[in-house]
Amino acid sequence: MGKGCKVVICGLLSVGKTAILEQLLYGNHTIGMEDCETLEDVYMASVETDRGVKEQLHLYDTRGLQKGVELPKHYFSFADGFVLVYSVNNLESFQRVELLKKEIDKFKDKKEVAIVVLGNKLDLSEQRQVDADVAQQWARSEKVKLWEVTVTDRRTLIEPFTLLASKLSQPQSKSSFPLPGRKNKGNSNPEN
């Protein structure tokens, strides 16, 4: 099992961040349950990666962002990964995800943080405000993976978190710098 990675779940108020986590982890979220505002909760999950290794995730369920309110900066300093959540029936929530991605890029080097995007409330697609093709095109241009999901179908939630855990548990790449006390490969003559 890995060291434990910190993943921040963020998005506008009422896009379903807590519902996603409760359905993913416990399989017991009730649709239509009265919304109660989250201050911040931390969930622990052991997620199997695509390599069969279990990765421990600390999932930070953040307070829903409101208009004009930014994600607190301390999240950028400790997060190993982000799950950006919008609602397919709320264009403003998608626009906020676009801004969050820019903020993450500004505060973290893209190469060291894993990001997945979830378009939630797919079951409300008749009220859709976010075009699926436009969202996927944006995700490709930002080099992030985007899924449209619904808490009514827990299976739609598993793949994004499996991919995230897999990205977070990838083995470190080997350094190209020679280590002290070792000879450089391919250079048997130190005089050259």
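Including glycine, each Cβ sits where the backbone N, Cα and C put it.
As recorded in Swiss-Prot:
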BINDING   11-18, 61-65, 120-123  GTP binding site
MOTIF     35-43  motif 'Effector region'
REGION    58-93  region 'Interactions with NFKBIA and NFKBIB'
REGION    168-192  region 'Disordered'
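Within its own chain, the region 'Interactions with NFKBIA and NFKBIB' (58-93) is flanked in space by residues 4-18, 20-21, 37-45, 100-101, 103-104, 107-108, 113-122, 124-125, 127-130, 132, 144, 148, 160-161, 164, 167-168, which lie at least six positions past its ends and keep a Cβ under 8 Å from the stretch. Sorting each residue of the region 'Interactions with NFKBIA and NFKBIB' (58-93) by its DSSP state yields 8 helix, 13 strand, 15 coil. The Cβ neighbour count for L65 (GTP binding site), using a 10 Å radius over every protein chain in view, is 20. Taken as a whole, the region 'Interactions with NFKBIA and NFKBIB' (58-93) shows an average pLDDT of 89 in this prediction. Ranked by Cβ neighbours within 10 A across all protein chains shown, the binding-site residues S14, T62 are led by T62. Remark: of the binding-site residues G11, K17, L122, the most isolated position is L122 (fewest other Cβ atoms within 10 Å of its Cβ).
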